[in-house]
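Chemist: Annotations for this protein, taken from TrEMBL, read as follows:
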- 7, 8, 9, 10, 173, 174, 184: ATP binding site (BINDING)
- 47, 74: substrate binding site (BINDING)
- 264-347: domain 'ACT' (DOMAIN)
Ligand code: ADP
Ligand code: ASP
Ligand code: MG
């Protein structure tokens, strides 16, 4: 007998019928003799609905009250799932994040888990109950309710699995696993039988919304065996583990993408030694997250610096740059929005030179202009026009043979 943590995302609990279906998945594990902790998200799109309600009242809602509001979504699901289990004759109890001992830092909207007091969950499990926990929420030291960032229920599940030393953490969702790219955009996307923690972490950070990046971080740090699988079909999903041996030696294992990227160029800066540090220290102090950075000398004493930000952060970025124009000493700012980031990821790249070159060649062949580039050992990211995003992903998916992946079933 083992302990299994299951997590059901929004669409998988989007109606009472789906909640019943989730309950059956829980029951199947109970019947197999396992203890079960279930983490659930808010029903369907209800978190978005709550966000819209707040926006109807104010453009700038208090972050504390947003957390208070959004935490209600998951609370609806936990009670309904516990009821569905009880109606089937299984003992179940629901816990909010704080009841489940989910302690976070005091940051609203994107809090990190700092500790889990799992005693209450353990007590309920020993009493033979299924424990249903609200994902995405926690409590800070000073008793404020916090949330973990959009998509954060995955992180609740994996963190609980790590704390409880669960045998397995199953993420049930609306796709049957992790695909070579988002199957909603690319019809030739293929399910992967397995993927390594490092590759999955890159994909998640680069926009593959199937898993919350911090969930993958937890899984890697605590070696939690993780599986992403369908809440509808009864088929095996994708195993995320240390180094994946499943696929044929693919150099590129997946493609991630995100739109809403803007490039900001600060022109006419002096090419002094401290220019770079001054500009990025200023932005960091104002909490602006900068992604790709390119510096280019334009003439002997001048340089220009381009960097990418999320389009949502553009107005704040420009505001900060203008406010500090005197100290930064630049001539002008140029911005280009409607951009997207397309990234290829695969641990095989480490030992295969020429992957970036091949990526650029494929994009050039499709007449897609690359505006920015960044690389790491296992990824190459390019910034392209938003209108070229899906075309770029499809071309790369084809060129790197991802349409040929066959997800051999694992046991
Ligand atoms: P949940 O509500 O279950 O947490 P999400 O919407 O957060 O579900 O994540 C599942 C979605 O992730 C899929 O519907 C799919 O469109 C998207 N997705 C993005 N990249 C991938 C990928 N590489 N593989 C599978 N799904 C992906
Ligand atoms: N309900 C939250 C969201 O929609 C958390 C989650 O689903 O993981 O982002
Ligand atoms: Mg999700």
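Cβ atoms are placed via backbone N, Cα and C, with glycine included.
Please treat TrEMBL annotations as automatic predictions, because they have not gone through curation.
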Chemist: Helix, strand or coil for residue 7 (ATP binding site)? Use DSSP.
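Modeler: Looking at the DSSP assignment, residue 7 (ATP binding site) belongs to a strand.
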Chemist: For the binding-site residues 7, 8, 47, 174, which residues place their CB under 6 A from an atom of ligand 3?
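Modeler: The ones that qualify number zero, so the answer is none.
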Chemist: What's the CA-CA gap between residue 7 (ATP binding site) and residue 74 (substrate binding site) in angstrom, rounded?
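Modeler: Residue 7 (ATP binding site) to residue 74 (substrate binding site), Cα-Cα distance: 12 Å.
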Chemist: In whole Å, note down how far the CA of residue 10 (ATP binding site) lies from the CA of residue 74 (substrate binding site).
Modeler: 9
Chemist: Look at the binding-site residues 7, 184 and tell me which residue has the greatest number of other C-beta atoms within 10 angstroms of its C-beta.
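Modeler: When each Cβ's neighbours within 10 Å are tallied, 7 leads.
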Chemist: Rounded to an integer, what is the Cα-Cα distance in Å between residue 174 (ATP binding site) and residue 47 (substrate binding site)?
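Modeler: On Cα coordinates alone, these residues lie 17 Å apart.
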Chemist: On a C-alpha basis, identify the one among 9, 10, 184 that is nearest to residue 47 (substrate binding site); the candidates are the binding-site residues.
Modeler: 10
Chemist: Give the three-state DSSP assignment (helix, strand or coil) for residue 74 (substrate binding site).
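Modeler: Reduced to three states, the DSSP call for residue 74 (substrate binding site) is helix.
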Chemist: When you measure from the Cβ of residue 173 (ATP binding site), which residues in the chain that are at least 6 apart have a Cβ under 8 Å away?
Modeler: 9, 11, 12, 210, 228, 229, 230, 231
Chemist: Run through the Cβ atoms and count how many others sit within 10 Å of the one on residue 74 (substrate binding site).
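Modeler: Cβ-Cβ neighbours of residue 74 (substrate binding site) within 10 Å number 30.
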